[in-house]
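Heads up, the thing below is written out as structure tokens.
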Amino acid sequence: FLRLGFVVGHAGLYQALAMFAVAYFIIGMTVLSVCAIATNGALDAGGAYYMISRALGPEFGGSIGIMFFLANVCGSALYVLGLVEAVVDSFEIPPGQETGSGVHVLPQSYWYELLYGTVLLGLCLLVCLVGASIYAKATFLIFLIVAAVLGTIIVSFFATRPLKVPIRLPNANGSETDNGVFTGFSLETLRDNLGGRYQVDYTTGQMMSFSSVFAVMFNGCTGIMAGSNMSGDLKRPSYSIPRGTISAVLFTYLVYNLLAFLMCATCNRILLQKDYGFLRDISIFPPLVTVGIYAATLSAAMSNLIGASRILYALARDDLFGRALALAKKTSASGNPVMAVILSWLMVQVVLFSGKLNTIASVVTIFFLLVYATVNLACLALEWASAPNFRPTFRYFTWHTCLLGIAGCCVMMFLISPVSASASLGFLLLLLLALHYLSPSSTWGYISQALIFHQVRKYLLMLDVRKDHVKFWRPQMLLMVQNPRGSARLIDFVNDLKKSGLYVLGHVELQDLDMLPSDPLQPQQDSWLSLVDKLNVKAFVSLTLAPSVRHGVRQLLFTSGLGGMRPNTLVLGFYDDEAPQDGLARHPAFTSAREEVPLGFPPLRAPSTPKLLSPREYVGIVADALKMLRNVLLARQLESLDKAWELRRAASPPPTIHVWPVNLLRPDSARYADTCSLFLLQMACVLNMARAWRRARLRLFLCVEAGAMPHAQEEKLHQLLKDLRIQAQIQLVPWDAITHLHWQTSQRPPGGPAEEEEEEEGVVNFPTNTTQVSDEYVCAANKLVLEQSPAPAVRFLYLPRPPADTSLYPLYLHQLELLTRGLGPTVLVHGVSAVTSTQL
């Protein structure tokens, strides 16, 4: 009624039809998405906000909810301003009939029009405070009135004779009068109106363009969400929304195209561009058109006000913004969200200060386009996630329609106003980030989780273990944890050591499922996942039940991971007699936040309590892992590693990482280039590459004997480090006194197993070597390592293979304990896989 002539007058018939086609293409795609979501389950109050939040999660839902609330607020203000314009024009005295000096029955100025808008908005507020039910009952009456007016107007185009319509145009000197012409059906008039002819808009004084006219026109198409906004007030929203919305879209599209053609064929440019209320002048019954304009604008204003209040109420009820929207939760005895209505009314009142309908049209359009794009995105995400529970009864949509809707919305947003579109997207992004970090977790279900699952499954299937190459090897850790209270720093250390690889925290619960009523691991899962979150480590959790720790570790080694992402390295804490310390309570993740440890982990084992596994079983776990071709790391005294102090102290020199890539328990088979030594070098280098450890320096110790050409050995090691691109300082360590002790105490029985060298995977293995090494020699080797100063942050030592004779397991463990006694944080490393490459 008010802006269709404006659109046709400036854009011409061809461009106007193109605008309708673009607008209804966007709307049509969005309607299909709305219908799909609306028929996929029970809807509640909030309309599009409810659909988006339950589909995309609280971050998207909350941010788009605010944007949709603002769109409805601005839309309500726009329709109130349109109503004010219609009221003022209705009481204007036609040119030539003035009496005295005045030409307006109602005073006309910015402040008077603001007053009229406030009064009319107050009327809308009263209706909304009484309840949406009255508005819903009145809408059918309004529809009949508007339909009757529409019929009258269409008849008027045929029945009214040609006439001149006097038009008063404001200018700098007051006003001047021009004549618009209603020609009746004329081919000449139609030809003149086919092309675009953009002029200055007489209400705002701004030059019009395709985008600015489209922005005004699009506001006449945004009523598609009126039904879904009242989803909480409908008896059967899943039934009513699709039928009502699709019917409305088809009906209005046909009406707009018909009226555009009739106007172009009967009205000249001046009438269309200079008199937005010309339909009254050409109508066979002008008062009815006035009633129709009042009914349509008042209905649209109330519809947007009710929609805004329902969205605000839904946002408040979901507690996404905490206390900021707490007031909007209050309702009347009948359930009407009274405070949300009042707050929405206040926001609309603020927007009324903009003064003119065309001024805020582009902002309203961009807000609505952004909401429509997100509705399409929600439907697209649900479709792409392929969740079994997404089976809407409305099936006339595909992911193509969703994608086309998103593209159409985004293109038109930036065509209308790049600045406003960018600002709206920036505001949306800020809301997204704020809600992501500040909003409480919800129980609605996150579509992001479904999409991630879908993509991860697809890429895991593409991850072919047969295409693995040493160039792209990375550590994939399985860290066995008995009680996280005593392993907090070890968990943190291994997180630095994984180098973007898989990291699994494994735990074995010693129970028999046959003797239990239910799985005892399920209640523990949340505690472990909370631990991972609190410690900020990128790890998975894998828990198992087993009759013994060794069987449990075997299970985890066999079953942890999926496809090409399986642990290749087992990490164990060291088996010693030291009393465990509760490092979790002292961890910065808890101490800095002044929180107690709310996790359901049992207290640490008392020193007098027997351990859950024997020395023989512990070494058996190491042997099992090596048989399964898993690398093994044994970490000792890692709980004494204060990484924050070691790495952030300002003192010079920087902290060091000591690397001993030689088997100290077998000096007669010392090699620096076997698989195990290279793996040890790689792990030290990986640790040094972690962000927290980049300031540390690698120091590599080369054990040399007199007369063994140490410089040649050093040069060879330098070349190896250069080929491997590892930056490390090499330090020569004479160890003749140590090796002398070894040869003095070595007594090999002739023909015994020690004579048989077993070489597997490039590793020299002496199964009974343990019997040949005395405690005196091991203590001397320990002293040699300890004497190298300055003291490092952590040491990496070579871990020998366990002996083949299982009766020697306790002796083997005893010698490892002697070797690492008093060294501070130490990692014993044994590698069985090639992990370094010198090729591109």
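Using N, Cα and C of the backbone, Cβ positions are placed for all residues, glycine too.
Nobody curates TrEMBL annotations by hand; they come from automatic prediction.
Straight from TrEMBL, the features:
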type	residues	note
DOMAIN	1-478	domain 'Amino acid permease/ SLC12A'
TRANSMEM	12-39	transmembrane segment
TRANSMEM	60-81	transmembrane segment
TRANSMEM	114-135	transmembrane segment
TRANSMEM	140-159	transmembrane segment
TRANSMEM	207-227	transmembrane segment
TRANSMEM	248-271	transmembrane segment
TRANSMEM	291-316	transmembrane segment
TRANSMEM	337-354	transmembrane segment
TRANSMEM	360-384	transmembrane segment
TRANSMEM	396-416	transmembrane segment
TRANSMEM	422-439	transmembrane segment
DOMAIN	489-577	domain 'SLC12A transporter C-terminal'
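Between the transmembrane segment (114-135) and the listed ranges 248-271, 337-354, 396-416, 422-439, the one holding the most Cβ pairs under 8 Å is 337-354. If you count C-beta pairs under 8 angstroms between the transmembrane segment (248-271) and each of 60-81, 207-227, 291-316, the highest count goes to 207-227.
Same-chain neighbours of the transmembrane segment (360-384): 26-27, 29-30, 32-34, 36-37, 40, 48, 51-52, 55-56, 60, 64, 67-68, 70-71, 74-75, 77-78, 81, 211-212, 214-216, 218-219, 222, 225, 351, 354, 390, 397-399, 401-403, 405-406, 409-410, 412-413, 416-417, 420-421, 424-425, 428, 447, 450-451, 454, counting only residues six or more beyond its ends whose CB sits under 8 Å from a CB of the stretch. For the domain 'SLC12A transporter C-terminal' (489-577), the DSSP counts in helix, strand and coil order read 38 helix, 22 strand, 29 coil. Between the transmembrane segment (422-439) and the transmembrane segment (60-81), three or more CB pairs separated by 6 or more residues in sequence fall under 8 Å, so the two stretches touch.
Stretch with the most C-beta contacts under 8 angstroms to the transmembrane segment (337-354), considering only 12-39, 60-81, 396-416: 60-81.
A mean pLDDT of 81 is what the model gives for the domain 'Amino acid permease/ SLC12A' (1-478).
Long-range Cβ contacts of the transmembrane segment (207-227) within its own chain (Cβ-Cβ under 8 Å, at least 6 residues beyond either end) map to 3-4, 6-7, 10-11, 15-16, 19-20, 22-24, 27, 30-31, 34, 47-48, 68, 71, 75, 78, 196, 198-201, 234, 240-241, 244-245, 248-249, 252, 256, 300, 303, 307, 357-358, 361-362, 364-366, 368-369, 371, 412, 415-417.
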